[in-house]
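Heads up: the structure comes next, in structure tokens.
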Amino acid sequence: MIRLFKVKETQKELAGNSDGGTPTKKQSAGELRLHKDIAELNLPDCCTISFPNGKDDLMEFEVTISPEDGFYVGGAFKFSFQVSPVYPHDAPKVKCIPKVYHPNIDYEGNVCLNILREDWKPVLNINTIIYGLYHLFTEPNYEDPLNHEAAEVLKNDPKAFKNNVKMAMSGNYVKGLGYTKFY
Amino acid sequence: MADAAPPSKSRDLDKLLLRPGNLVGPTFDPGVQLRDDLQEYARVLVVGAGGLGCELLKDLALSGFKNLEVIDMDRIEVTNLNRQFLFRLEDVGKPKAEVAAKRVMERISGVNIVPHFCRIEDKDIRFYNDFNIIALGLDSIEARSYINAVACSFLEYDSDDNPQEETMKPMVDGGTEGFKGHARVIVPGVTPCFECTIWLFPPQVKFPLCTLAETPRNAAHCIEYAHLIKWDEVHSGKAFDPDNPDHMKWVYDEAVKRAELFGIPGVTYSLTQGVVKNIIPAIASTNAIISAACTLETLKIASGCSKTLSNYLTYNGVEGLHTKVTEFVKDENCLVCGPGVLIELDTTVTLEKFIDLLGEHPKLLMTKASITYRGKNLYMQAPPVLEEMTRSNLEVPLYDLMDKIPKDVLHATGTIDKDGKRSSGLRKLRVVFKGIDGVTDMDMAGGA
């Protein structure tokens with residue numbers, strides 16, 4: 001129970017004394033948890049992270065994945081991460097920046113990765129998401145398509161798919177859409 | 001009884017405040033003085049002037065609180081009028097806080113309500129320290145989390161890790177969703193804070209993007225397709241604004257087309273709003289019940305006329321009525337309300353030395369620590385890009401890095417050794433620098 005009126009007097013005294021003790025807002029719990037995730041990042045060599053707003057703003061950052069095997073060798077795929085103040089209750093918002101011909105990434109950069117949406121749990125972290133994204137490049141999967149056409153090709157004719165990826169990554173059009181050039 | 005004196009306006013309140021009782025709080029001092037002081041001195045902030053906020057303002061004013069303020073950033077919409085009973089059709093478009101304050105003052109004499117038409121983040125933190133109790137009528141986790149962090153930031157602990165009563169800022173939090181609701185009392189340092197129990201909130205339902213893109217099975221899938229995928233395809237770069245009726249109409253039209261394509265029934269404009277804005281229809285009676293519970297708790301905290309509920313009441317009116325009070329427990333390591341670990345330092349200790357000290361501190365045993373202070377990352381062990389940017393801080397005295405503030409909180413992440421088991425952890429640290437004028441005085445004032 002609060003001793004309201006004693007409190008009142010104390011407050012008045014404090015206010016009279018000085019302003020020095022006035023607390024300022026602390027970091028949000030989401031920022032602190034993110035700080036922990038970032039400080040514990042353990043990325044493979046093929047993944048790099050950068051902070052466009054400098055070392056003190058971790059809530060927005062970019063991760064670049066350069067696959068070492070699979071269809072996408074030779075590319076460097078940059079993803080933007082946006083983290084909410086109520087992280088890890090909400091998953092970060094992740095978008096793929098370059099235009100990539102990929103069954104699980106659409107032309108707007110939306111990514112179909114279960115742990116980014118329906119399977120997100122607060123025990124997961126930034127590291128798990130980055131590994132999940134990396135996995136999309138080594139094992140693109142036609143069962144969860146966002147780019148329907150690419151998924152069909154991968155399913156029915158992996159050789160043609162490989163060829164389409166090469167075409168796209170060298171900056172050519174595939175089925176009428178232009179993609180980001182990597183080589 | 002015709003010649004009896006007219007009943008006092010505070011007749012029912014008097015029964016609580018003028019008489020002693022068995023269930024009263026430890027500091028309860030019944031009498032006219034208490035009733036009058038309560039009216040004169042108790043200052044309550046109502047956060048939110050929506051469904052719950054309207055009820056709270058009315059209930060608090062009728063319970064004898066005379067110094068109220070209300071903060072809300074929204075303007076009144078037509079769809080509010082069925083339950084936000086302080087508003088009329090001609091008020092549509094006006095700020096909720098201002099109209100709500102005006103209407104309650106018109107109806108209840110002697111009460112003064114100051115409205116604040118702005119975001120909760122716009123107010124200086126000192127604004128919130130001015131109130132004895134904060135009553136929350138909010139609908140989002142973000143806003144609750146923010147107010148909770150502000151209220152808990154006033155809390156101070158003494159050198160034995162006991163919370164100091166005069167720094168506690170109690171909150172009473174209400175929430176409703178359809179026929180369900182909750183009322184809880186948060187006394188920082190005593191009961192669990194919002195962050196201690198954030199896991200109580202179920203995660204939002206999110207559909208897999210590929211289901212939306214490929215195999216929609218219900219109306220909500222069609223709406224989310226239009227909202228999350230189609231919008232970006234058509235409006236490259238333009239952000240979707242859920243409060244813009246044109247945007248909402250566009251999403252609805254696209255969702256209808258999508259539903260027709262897949263032969264899915266049930267897409268309506270109101271469902272579109274519901275899915276996109278995550279709205280569950282509000283029920284006026286639920287708001288009234290939850291607000292009544294919150295107001296009673298506010299009165300109990302302020303007057304001590306009864307022990308408060310401990311500490312979380314749930315109400316469910318879906319089928320019949322079920323209500324239950326659960327006593328949740330504090331997270332002792334809570335980063336927001338917990339005491340953290342007290343560390344006394346000389347002003348000459350460098351950041352590097354400080355990080356070493358954390359490894360030896362018996363309550364921490366934390367190695368490989370990364371340190372963050374008020375949004376500044378002083379040192380990061382990883383990733384390499386941040387380690388490089390923060391490395392030069394290692395040789396700087398921590399006192400300088402903390403802007404020569406004699407006593408403040410910072411946070412450390414690292415590997416914690418507990419009972420021989422190592423795990424990663426994030427800890428709050430209360431750093432006090434020795435031999436700085438003012439600090440010793442403050443400590444003595446706190447302990448006296």
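Please read every residue number as a count from 1 along the shown chain.
Here the Cβ of each residue, glycine as well, is placed from N, Cα and C on the backbone.
Just so it is clear, the model here is predicted, and its values are computed rather than measured.
Taken from TrEMBL, the feature region 'Disordered' applies to A:10-29.
Sequence annotations record features per position, and here TrEMBL assigns domain 'UBC core' to A:29-174. Secondary structure counts, DSSP: the domain 'UBC core' (A:29-174) has 48 helix, 25 strand, 73 coil.
Positions annotated as active site, glycyl thioester intermediate by TrEMBL: A:CYS112. Counting every protein chain shown, the number of other Cβ atoms lying within 10 Å of the Cβ of A:CYS112 (active site, glycyl thioester intermediate) is 25.
Each residue in the domain 'UBC core' (A:29-174) has a pLDDT score, and their mean in this model is 94.
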